[in-house]
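**Student:** Structure incoming, see below.
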Amino acid sequence: MNNELILVLDFGGQYNQLIARRVREANVYCEVLPYNSSIDKIKSKNPKGIIFTGGPASVLDPKAPICDREVFELGIPILGICYGMQLMSHMLGGTVEKAEQREYGKVNITFDTSSMLFEGIEKESTCWMSHTYYVNNLPEGFVKCADTPNCPVAAIENREKKLYGVQFHPEVVHTPKGRDILNNFLYKICGCSGDWKMASFIEHSINSIREKVGDKKVLCALSGGVDSSVAAVLVHKAVGKQLTCIFVDHGLLRKYEGDQVEEVFKKQFDISLIRVNAEDRFLEKLKGVTDPERKRKIIGEEFIRVFEEEAKKIGTVDFLVQGTIYPDVIESGVGDAAVIKSHHNVGGLPDYIDFKEIIEPLRSLFKDEVRKVGIELGIPEDIVMRQPFPGPGLAVRVIGEVTKEKVDILRDADYIFREEIKNAGLDREINQYFAVLTGMRSVGVMGDERTYDYTLALRAVTTIDFMTADWAKIPYDVLEKVSNRIVNEVKHINRIVYDITTKPPATIEWE
């Protein structure tokens, strides 16, 4: 693709992916590279602009991460964020000191609106700060263009060289004008035109896959999740019947999910799909197993065995499709290691299946972009907007040993919970919600008779990035309806509890 490009140099900040996503959301393509990328690599990308991320280090530390000094001589606009601004100042002759008072959280800020970076933005606003050091002397040619009560230099610019820095974080939602500031950098300073669109990505991908594959065979492991579903449909658009998808149904999916996968991909898209009903096989392997990590390992290994058996029936395939997405690439360190990480995306399949090359059509996309591509391709919203679901499925939402009875109980209860959340119009407000069958039984009374049945936990969270999460404040009347339906419609559950723990200290999943 020949899209205009912004490079994000990663100095270890927690928001590096968020910065890249914000740039993409502004219809500008961007890539994340390590801070120590060579100047030749940077030049080869021909970027319209460069963004330095924040980071946990101090520029005063001799071992602090620094970029190639030549990057400032390329004549390309640069925006330094937090550590990125301090680094720019430090490398160009300014000075940085430790602040007497650390700034963390939302603070008031005053912008110099004559700066191109803050053009069209109200002079007084708020921003999100997270720093211990600050710039106290500016490099030659720079001027201050923002300040806060405790940070006299909250933003700097060298208009002639198009070098800009902000001490705050424009990429987070807690900086109300952050997107406007980033847009000013992208469009007014870098001169981007906004040519990153999903429709053009799809067209380019189809042509590229078609050219690469020719008349060869392609194989895809289809789970019914967002990434594998979108990857499969995109590849099918390119090569049609040359693609075969294998859907290993381990019997641990949510209610009706396996049938929906078959209905959508076989009937709607006319994809050559092999559904392997392997519930008995997986449950047999899980007998007596209570440790969640052992469950995961057993299911992962058995999945590979089943897939391998089915793949051998097809014969030699030339290409294996994987749903690797851009965060996988970034987290693996960007570069050769990215391929190694991607191999584990479908449980290590490339180590077992005879193929020549991997196709990763979504490798450059973030999850929200994958969903947009899915919508453009006509995949039903129920699949495209599907919530995160663990690979081992309901096995890690049954606490303790997994049996068919327990899975069936949980599947029915979980379906009611999800159905009532959707009926209440909360399905897009709550980022993830599900039921957990605890290993605990308790005494109850139903129809004047004593019961001794399972306790079911409900979990629902709101989150921006799934790194931290808050429990969802579901209205009591909705919870009451869910509880009444489950105890009346699902056998062997006589008590419902609602998990009101944040992450941290808890994780979102129970196992």
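A Cβ is built for glycine as well, from the same backbone N, Cα and C atoms used for every other residue.
Per Swiss-Prot, the features are:
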type	residues	note
ACT_SITE	Cys82	active site, nucleophile
ACT_SITE	His169	active site
ACT_SITE	Glu171	active site
BINDING	Ser223, Gly224, Gly225, Val226, Asp227, Ser228, Ser229	ATP binding site
DOMAIN	5-195	domain 'Glutamine amidotransferase type-1'
DOMAIN	196-386	domain 'GMPS ATP-PPase'
**Student:** Could you round the CA separation between Asp227 (ATP binding site) and Glu171 (active site) to a whole angstrom and send it over?
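**Tutor:** Glu171 (active site) has its Cα 25 Å from the Cα of Asp227 (ATP binding site).
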**Student:** Given the ATP site residues Ser223, Gly224, Gly225, Val226, Asp227, Ser228, Ser229, which other residues of that chain have a Cβ within 8 Å of the mean position of their Cβ atoms, reported in sequence order?
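**Tutor:** Residues close to the ATP site, other than Ser223, Gly224, Gly225, Val226, Asp227, Ser228, Ser229: Leu222, Val230, Ala231, Gly323, Ile383, Arg386.
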**Student:** Where does Ser223 (ATP binding site) sit by DSSP, helix, strand or coil?
**Tutor:** coil
**Student:** Tell me the Cα distance separating Glu171 (active site) from Ser228 (ATP binding site), rounded to the nearest angstrom.
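**Tutor:** Distance between the two Cα atoms comes out at 29 Å.
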**Student:** Do me a favour and check the Cα-Cα span between Cys82 (active site, nucleophile) and His169 (active site); whole Å is fine.
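**Tutor:** Between the Cα atoms of Cys82 (active site, nucleophile) and His169 (active site), the distance comes to 7 Å.
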**Student:** In whole Å, how far does the CA atom of Ser223 (ATP binding site) lie from that of Glu171 (active site)?
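**Tutor:** Between the alpha carbons of Ser223 (ATP binding site) and Glu171 (active site) there are 33 Å.
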**Student:** Whose Cβ, among the recorded positions Glu171, Asp227, has more other Cβ atoms within 10 Å than any of the rest?
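**Tutor:** By the 10 Å Cβ neighbour count, Glu171 comes out on top.
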**Student:** Just name the most isolated of the binding-site residues Gly224, Gly225, going by other Cβ atoms within 10 Å of its Cβ.
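**Tutor:** Comparing Cβ neighbour counts within 10 Å for the binding-site residues Gly224, Gly225 gives Gly225.
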**Student:** Using His169 (active site) as the reference point, find which of the binding-site residues Gly224, Gly225, Val226, Ser229 has the shortest Cα-to-Cα distance to it.
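**Tutor:** Nearest listed residue in space: Val226.
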**Student:** For a quick check of packing: other C-beta atoms within 10 Å of the C-beta of Ser229 (ATP binding site), how many?
**Tutor:** 27
**Student:** Whole-number Å distance between the CA of Val226 (ATP binding site) and the CA of Glu171 (active site)?
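**Tutor:** Distance between the two Cα atoms comes out at 25 Å.
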**Student:** May I ask you to report the DSSP-based helix, strand or coil state of the residue listed as 'active site, nucleophile'?
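**Tutor:** DSSP assigns the residue listed as 'active site, nucleophile' to coil.
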**Student:** Please report how many Å separate the Cα atom of Ser229 (ATP binding site) from that of Glu171 (active site), as a whole number.
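**Tutor:** With distance taken Cα to Cα, Glu171 (active site) is 30 Å from Ser229 (ATP binding site).
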